[in-house]
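**Student:** Have a look at the structure that comes next, please.
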Amino acid sequence: MDTSPHSKPSSSSASQSSHSPSPAPVTAPRKTRDSGLCMTQDIPEIPTHCIDNLNSHQLGRGTYGIVEKTRYRRSRNHEYRPAAIKYSSPIHLATLIREAKVMWALRDHSNIIKIYGLYRDARHGQGVVMEYMDCGSMSELIYDRKSIDYTIDHVASWLYQMASAVNTFHRNDQVHRDLKLQNMLLCDRYRTMKLCDFGTFTAMHQSMTSNRGTPITMAPEVFRCEEYNQKSDIYSIGIIMWQMIARNHPYNRNLSVPGLLYNVATASLRPPELDCNPILSDFYKQCWHDDPVSRPTAAECLQYFTALKTEYPNGNVPLADANTNRPVETPPPRVHRPSGLGSASGSGLGTNGRTPTASNHLNAPQAVNTHRRNRSETIQMKPELPYPVMPGEVAASSSGAFRGPRSQSEAKNLRDAGRSQSGQRHPHRNAPPIPIDDRRDSNESNEKDAIFMELLRNDDTRPVDPDARDEASLDIFHQHCSSNKEYADALLLKKEVLRAKHELLSRWPQHQRHVELLERQNYLEQEIAKLEYNSDDDFSITERL
């Protein structure tokens, strides 16, 4: 496929420059939100005759606009090829243009969706024309197309492709901030993966404390609104790696968005354990470590996945269709889903309104692998549990494992490939034990957490689910959660004051009895003193007589 872009500059920008007065000189460039993101590069505008509007049809519609499948050609002398056009609503046009600038700057990378240019349509307004990925998203493959079998070789290949793209961002001091399965598009019969959706992409010199991203893959420090860096993308890689191996949802889908975020940020909630090779589990656990310093870098991830891809080299073998026992074919074009686009649907938990009734129990995924086929292990799934795992119950454990005839030395090399030289194996996802002298503080913290979770379950106090790509929505969500935390502090203080009051009232009769005894003692001492005084007087009178 020919992907060379237009070199023709924007006609509108040319006309603007010819009629605009010369700008006043400035002393220093002002850093804006787009600083460092291809500010000097012009994205070509695609003329109308290069788009086949008669054969365009809608793929999806969301809050931010619509996506259409169309046909695109470089010029009248070229053949049409499949393409996608992403149109934006007027209020999100700036985000779309900014995303286009990022994609244009990264267009040479083989694992980043390619952009052909900007296109203005009379019906939908400004849009971005990009290559069409005919196999949908990784999320659709993992969750919706369970009849398609893939192997650990394919997982290694996909993760290598993702790490290669992420390493390119990080080398340029840039962060994606919303890595997830929905933003990983597939083509070439599911074997080639490309990243898309750069609406939250930013440069590292910006102040990064806003909680942007998707809740399932959002790093703890992002939700805590702490300063974060490229290591937030590494956390997302760890969750994505788990999803590919387990082929299941990492958390209970009945868990509310605030409850999920709060538990991830404060209680070190992570996806359930999988019975898989430690070569894999050790690495994705290191990626989602609560301490960003303990996570590997993108370069170390790329090194690890390169070694994994070398160990499992059959990633180019066609995926198998379990229904036909034949290599999988390219799926038919997707149809419009009124509920919204996959990439614009927000968190993927619940609806866009109030969160559903919160549940703090997790469904345990059950990853099972079939027998080894062609030196690879096919990933399949048992049916999901029909009910949440209640406290005290033991969910069915994973029975399969990624195991192969590998030597211990090879396994050690793979395990160490992506691990930083200074990093050590981190503990499991369980919270560390509480010191004995800190149990009172721990009890107070647990009580505060319980109050906070109760606020998240209450219809009057729980926040509306945030829109992952809307800065105002995320800010409102964060402010609401912060207010709930402050409210929880106030309720806990009130509870402690009432507890102290009740304790004082319960001890009040004892206090009154104690006061009465003291008064009685004082009275008796005075009477004894009087008797002694009178006794002394009688003795002196007797002596005189």
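Using the three backbone atoms N, Cα and C, a Cβ is placed for every residue, glycine included.
Small disclaimer: the values here were computed from a predicted structure and weren't measured.
The active site, proton acceptor feature in Swiss-Prot is assigned to Asp178; the stated evidence is similarity to another entry. For Leu59, Gly60, Arg61, Gly62, Thr63, Tyr64, Gly65, Ile66, Val67, Lys86, the entry in Swiss-Prot reads ATP binding site, with the evidence type similarity to another entry. Summarising the annotation, Swiss-Prot assigns compositional bias 'Low complexity' to 1-21. According to Swiss-Prot, the feature compositional bias 'Polar residues' maps to 352-369, 396-411. Residues or ranges marked as domain 'Protein kinase' by Swiss-Prot on the basis of sequence analysis: 53-308. According to Swiss-Prot, the region 'Disordered' annotation covers 1-35, 316-444.
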**Student:** Is Val67 (ATP binding site) helix, strand or coil when read with DSSP?
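**Tutor:** Its secondary structure by DSSP: strand.
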**Student:** With H, G and I counted as helix, E and B as strand and the rest as coil, say where DSSP puts Arg61 (ATP binding site).
**Tutor:** strand
**Student:** Would you kindly give the Cα-Cα distance separating Asp178 (active site, proton acceptor) and Leu59 (ATP binding site), rounded to the nearest Å?
**Tutor:** 22
**Student:** In whole Å, how far does the CA atom of Gly65 (ATP binding site) lie from that of Asp178 (active site, proton acceptor)?
**Tutor:** 19
**Student:** Please give the average pLDDT for the domain 'Protein kinase' (53-308) in this predicted model.
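**Tutor:** Over the domain 'Protein kinase' (53-308), the predicted model scores a mean pLDDT of 86.
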**Student:** Looking only at C-alpha atoms, tell me how far Arg61 (ATP binding site) is from Asp178 (active site, proton acceptor), rounded to the nearest Å.
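**Tutor:** Their Cα atoms are separated by 20 Å.
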